[in-house]
């Protein structure tokens, strides 16, 4: 699970969304998880106590056990654990994954104090579930102590190490689960492209839950056994001293090879860990299904008190990300399937005759697309100059003509408003006011010195230049022997770089050769080595919102050809086309990078949703489809739309189906 809670539900305007939507969906998912607990527990009891020689007797004994007082008390404890797991899901879920762009960033997430508390809670819950499993298994696992005979014939209380191992295994599995939640982004909630009923989604995902639970339980128990083999004497001695228990010298201790080769013990540990993970994963799966269910927002309302619940207000207001995503999803769906709601989008206000609905929706969509374009341009400038940081004001002076035209064309569509731009997690690029001096590199981008993602500040720390050197105070590292060629370039980039003097670093000075970073600096730098694939994933981490914005805009523009009676869409058609064309140019530039064009392999051995790894490919396909959707609808009528010569040339490629 992520270490950063979802605490954006504080504003008064969004209380209706918490009370009427999210909370009820979370409660419904937890209720279903609790209702599924008895049959899941019954299957676990049968599998853990099954006897091939007496199958009927085993089943009868299992059902009598499930109706006993100890089993009912265990059900109550397990229900409390499910409630806690559901609460943690609600508290830590996110629709934008927090992607660590370096090893040290991932280590920082794992060592965060909030994550420590999260791991402690999971350890306690693992202990509770393990105790309940011990009650259900019975036999030698049920109690922590038992009476045993001494050598002189007297009776004493001895430690039941089987029970202790089962309890420690539950705590270890809970701790491992909390760490894997951070590594695999298990708190990430994605939206399915194909809409399905909740039952069908649950039924289709159930085999994956079983597989992931059994596989992760197997690896966790393997790691626990190795840990207990070396350190098992510590908790055993502490428990014996605290509770005044003795060790039975007639049996082997379980931290030995003979003790750990007990197949019955290994089987019970694996079954208990699988049961623990399965119940937690079922709760997580139900939460994902209920939270991502489609939510329909009214386009307009006749009552003033319900205006804040309408789609234009939800899109343009300062809202929680889950609400923003659900609104964009609803926009994409209504633009495709609901002619009556599309008419409300194209309608004019009375009195006044202003297209407020269309203006608000198109302004928000264009703002999202322009925000992604700015991030891609900043990322391109950083990588194309071999990792040298430039201020945004300098980069803005060297914008291409297409970039200048789209910004000027959408300036009126992006007027100041109380909306909150969706940024990539961990701030892939730090942005403040447009045009302000800032560096496109931030904390997640901490690369190796010879990497094209190298940090200029880190270069200056590890290799300081002389004050009399012409390179003093600049971003070029004196340790770089030669400039690597750019991955791509534009005419403006070539002109800007043509004025740079040749690098004098081909013959380093003796003083520069003598200055070497310390061992600690080298170790930290190796841990901070940039992961290019992760940086590209982080750049497009929130691209599901942009995909829905592209679909909503393109389908509405397509429908306006025959449904827009007042021509409200045609007034903003130049801005829409320019924004899409500039974004496509930026996306094409990004995919010229080797790490961006390689499609990652999705992992099927974890419950972590890995769909964010391929969002950039989905965005590229959606963007090209959206432009084609507009060009095939309007055809040669687009020649009358005012746009720059470069945009018209690029649009002609779509009209001729050459893209």
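From the backbone N, Cα and C atoms, a Cβ is placed for every residue, glycine too.
Feature annotations, courtesy of TrEMBL:
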- 30-50: transmembrane segment (TRANSMEM)
- 62-86: transmembrane segment (TRANSMEM)
- 123-142: transmembrane segment (TRANSMEM)
- 162-183: transmembrane segment (TRANSMEM)
- 269-291: transmembrane segment (TRANSMEM)
- 388-419: region 'Disordered' (REGION)
- 487-516: region 'Disordered' (REGION)
- 488-497: compositional bias 'Polar residues' (COMPBIAS)
Between the transmembrane segment (269-291) and the stretches 30-50, 62-86, 123-142, the largest tally of CB pairs under 8 Å belongs to 30-50
Which of 62-86, 123-142, 162-183 shares the most C-beta pairs under 8 angstroms with the transmembrane segment (30-50)?
-> 62-86
Other same-chain positions with a Cβ less than 8 Å from the transmembrane segment (162-183) and lying at least 6 residues past its termini are 1-3, 106, 109-110, 115, 118-119, 121-131, 133-134, 137, 140-144, 216-217, 220-221, 223-224, 227-228, 232, 235-236, 239, 254, 265, 268-269, 272-273, 276-277, 280, 606, 608
